[in-house]
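Copied over from Swiss-Prot, here are the features:
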BINDING   ARG24, GLU81, LYS124, LYS475  (6S)-5-formyl-5,6,7,8-tetrahydrofolate binding site
BINDING   230-235, 249-255, 274-277, 378-380  GTP binding site
BINDING   ASN230, THR249, ILE251, THR254  K(+) binding site
BINDING   SER234, THR255  Mg(2+) binding site
DOMAIN    220-397  domain 'TrmE-type G'
Amino acid sequence: MTAPLPPIAAIATAPGRGGIGVVRVSGPDVRPVMHAICGQALKPRHATYLPFLDGHGKVIDHGLALYFPGPNSYTGEEVLELQGHGGPVVMQMLLTRCLQAGHGIGLRLAEPGEFTRRAFLNDKLDLAQAEAVADLIEASTEAAARSAARSMEGEFSHAIHTLVEKVIHLRMLVEATLDFPEEEIDFLEASDARGQLATIRNDLGNVLAQARQGALLREGLSVVLAGQPNVGKSSLLNALAGAELAIVTPIAGTTRDRVKETIQIEGIPLHIIDTAGLRDEATDEVERIGIERTWDAIRRADIVLHLVDATDYLRHGLSEIDDAIDDRLSGQLPPGAPIVRVVNKIDVAPTVGGMMFSGNRPHVVAANGPNPTEIWISARTGSGIELLRKELLRLVGWQSGNEGTFLARERHLTALRQAQSHLDVAAEQSERQAQALDLFAEELRLAQEHLNSITGEFTSDDLLGTIFTRFCIGK
């Protein structure tokens, strides 16, 4: 039997001034703190308005006090919450008073995420739900918040548990066949083990697809605007953002450093990075540094929009400089990151080379082999901008109207991919003779381990520490 953890306390609301602030205390027995500060016993799960008292009986503040006996609380322990006025000085005075009153029972300041970690350790929520708490707090879009709420309610965990149950059932059949090889009944054949495995793999693929969508909502995409000077990169940033964020002038090289703005497209955060124009020779040291930073941003990009001038492109095709930029982009981008060629300023090139663009009829040329997708736009008039937004979503595989998405992290995607890989190997083993059954069983076991790591049923202490230290202190 493990010893109970020491009681902890922290300010649970965000730093700064506010109408209300909350100090939270959790532990095996918080009643000494309750009696010292509230001066009375509190009725469980009822808000009581009263004065909060210091060590000399003087009033620190008036507010609401709530007492939650364990295990029916957020952490599974006894919890005391003191809700007062949200000034930082008042909150600090109240927290200090809690620590003084709880000195005799070992009360200490909580570490980041420790309240939620205790909820996990006391089986109030699993690891995926615990992470969803932090994701809900940090959500930058409404879609991300709704998806985090679904994960917090257990939708993601339920999907994982369902997969694990199916894997366990299949493992049981394989183990029975291994343990009783002399039996006339072929457990695997009789129960359609291959069909069960195919179902599991299909279900896992669906969960992984949803998790990828959720990861997009959580992390967003880094989209870099690149190209020669004065091709309209800053104008495109302004058009995508719907605001004048970057300075736009006819003078080439106006943008000397990166300008970053986060926008939303169907709830996905897009981190748009406007960069210094790329050319063979920088005119000065400032521009040279700006160009270096442009390539640095490109190396970390999810998507690069390579802007070219419509008039020049229609008259002469891709210039040597733009061709060189394309070649270097291909070598500098992360594997799999797409390049979109954005042909800008079609409003000032309505009839060139026999091709006409009315200004409201942009078109897309789909990617073909090494050639990037082309989208024709006018950042100044807005023509083609909506088409560009849709193309960005298509490139990352976003499915519009996906209300069932749950939020996922990179570690979840990694675990799902690893489980998928083991199930793929298991499928290969199932096609072989009986001597491969032990390998089949081992691949199923490894797949189950990776799935269990998502909900925390098989997770190292080091990983738990990494996850919970990223929370705010009062959570």
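Cβ atoms here come from the backbone N, Cα and C positions, even for glycine.
Everything Swiss-Prot records as a feature, shown here on the structure.
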residue : record                                              : Cβ contacts under 8 Å, 6 or more apart
GLU81   : (6S)-5-formyl-5,6,7,8-tetrahydrofolate binding site : ALA12, VAL22, VAL23, ARG24, VAL25, ALA65, LEU66, PHE68
LYS124  : (6S)-5-formyl-5,6,7,8-tetrahydrofolate binding site : PRO71, TYR74, THR75, GLY76
ALA379  : GTP binding site                                    : GLY232, SER235, LEU236, ASN238, ALA239, ASN344, LYS345, ILE385
Given the binding-site residues ASN230, SER234, which one has the fewest other C-beta atoms within 10 angstroms of its C-beta? ASN230
Least crowded of the binding-site residues ARG24, LYS233, counting other Cβ atoms within 10 Å of each Cβ, is ARG24
How would DSSP class LYS233 (GTP binding site) in three states? helix
Per-region confidence, the domain 'TrmE-type G' (220-397) (mean pLDDT, whole number): 73
